[in-house]
Amino acid sequence: MASQPQIKSSDKKTAQVSIPPHSTEAEQAVLGGIMLSNQHWDGIAERVIADDFYTFQHRLIFTEMEHLMRNQSPIDLITLDQALRSRGVSDEVGGFAYLAELSNNTPNAINILAYADIVREKAILRELISVGNRIAENSYSPKGQDIKLILDEAEREVFAIAEKRTTSSEGPQNVINVLESTIEKIDILSKLENHSGVTGVTTGFTDLDKKTAGLQPSDLIIVAARPSMGKTTFAMNLCENAAMASEKPVLVFSLEMPAEQIMMRMIASLARVDQTKIRTGQNLDEIEWNKIASVVGMFKQKNNLFIDDSSGLTPTDVRSRARRVYRENGGLSMIMVDYLQLMRAPAFSDNRTLEIAEISRSLKALAKELQVPVVALSQLNRTLEQRGDKRPVNSDLRESGSIEQDADLIMFIYRDEVYNDNSEDKGVAEIIIGKQRNGPIGRVRLKFNGQFSRFDNLAEQREYRDDY
């Protein structure tokens, strides 16, 4: 007797994956459960969006449910059927009969959130398949793209899917939803007791926080100064203050200074011990050693500071490493880059202006993607040295066009004593806000304690005009 042809296991696998992952039963249970119990809506809306439903008719039904909830209308068999009829899509979803079937086949809504999780998980699998296909296509036909760019795009797309496990409402939003969340945030802030007005990450400097309301999520913040003004010191102080005030990590990319030197500066700053003594290890007395030990213990207890001192980093390197720390630690409070001009973008290496533009653009995109403030240090042009008033302005930023455009906040550091030996403002630094997208420009004065590698609040402030 002739043997039957055998089906290869690979053919079976192909047949199994030809239909994208989905669960019709789970989708039906979610929709039927909502009709039975509207009180579960908020939990459902946090887990799934209309596009998570594989079946087209289910997407239409869920979309109409969203409209009804937005209008504070109950969702039941009658109201949903009438709403679908008024939009002319009742026949497309199967009419009243199909809605009744959904309702009748769902005995209760006890497990509705578990069903919603199934719908979302299947949607994520479909997204992974789609992304995987695009990655494969780009790999087969790279079209001259650098391998790092292909890897970065692949990582970005997969990372975006992972993020959607907690935020499934990306894409265009109706302004009604945005208004509700905005008013809710304003209401929460208005009810806080002893609220300082800081809505972002505190800078640690009272008057600077008053001007900026802190360093805001998704903002690109540029800190610029001529050499010897304390640019890196100020940046590290921002990192220290953010790390001490927040539980989420601070990530520092130090392209100029080794990690040990960064830590020496931070220890000197927080312990208020002369940084020369720390750097040389000489003449430290018992009190100073105790201060150092206390700061070390504080860092170990917080355990929320990461330093990457790799040199020559590209935007791809910074993005991938930031995403990893973000993912492994459940978020970030701030990212610091010291400094922008030491980064490189190989694809634009023939044109420095375009290279800086790409670096600046990528840092802004990273801030928006991770919803954290990204602080980047920048150099200033030497031409300001030729002016009588050497206080920096936005046009003094080296390769300034793209940096000025991408930045949400630009801060310059100016210390008059660097230029004038007889300055009346010895030990005083001006933080000049040259641009603030959502706030005023102006100046803030801080105390500069160079021996401790730190800036401090200035007890007595002189009045400065904010017309700078």
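Just so it is clear, glycine is given a Cβ too, placed from its N, Cα and C backbone atoms.
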If I go by Swiss-Prot, the feature region 'Disordered' sits on one of 1-22, 155-176, 375-396, 419-440. Which? 1-22
LYS231 (ATP binding site): secondary structure state under DSSP, collapsed to three categories: helix
What are the other residues, in sequence order, whose C-beta lies within 8 angstroms of the center of the C-beta atoms of ALA225, ARG226, PRO227, SER228, MET229, GLY230, LYS231, THR232 at the ATP site? ILE413
Of SER228, THR232, the binding-site residues given in the record, which has the fewest other CB atoms within 10 A of its CB? SER228
Where does ALA225 (ATP binding site) sit in the DSSP three-state scheme? coil
Going by C-beta under 8 A and a gap of 6 or more residues, the same-chain neighbours of GLY230 (ATP binding site) are ILE413, ARG415, ALA429, PHE448, GLY450, PHE455
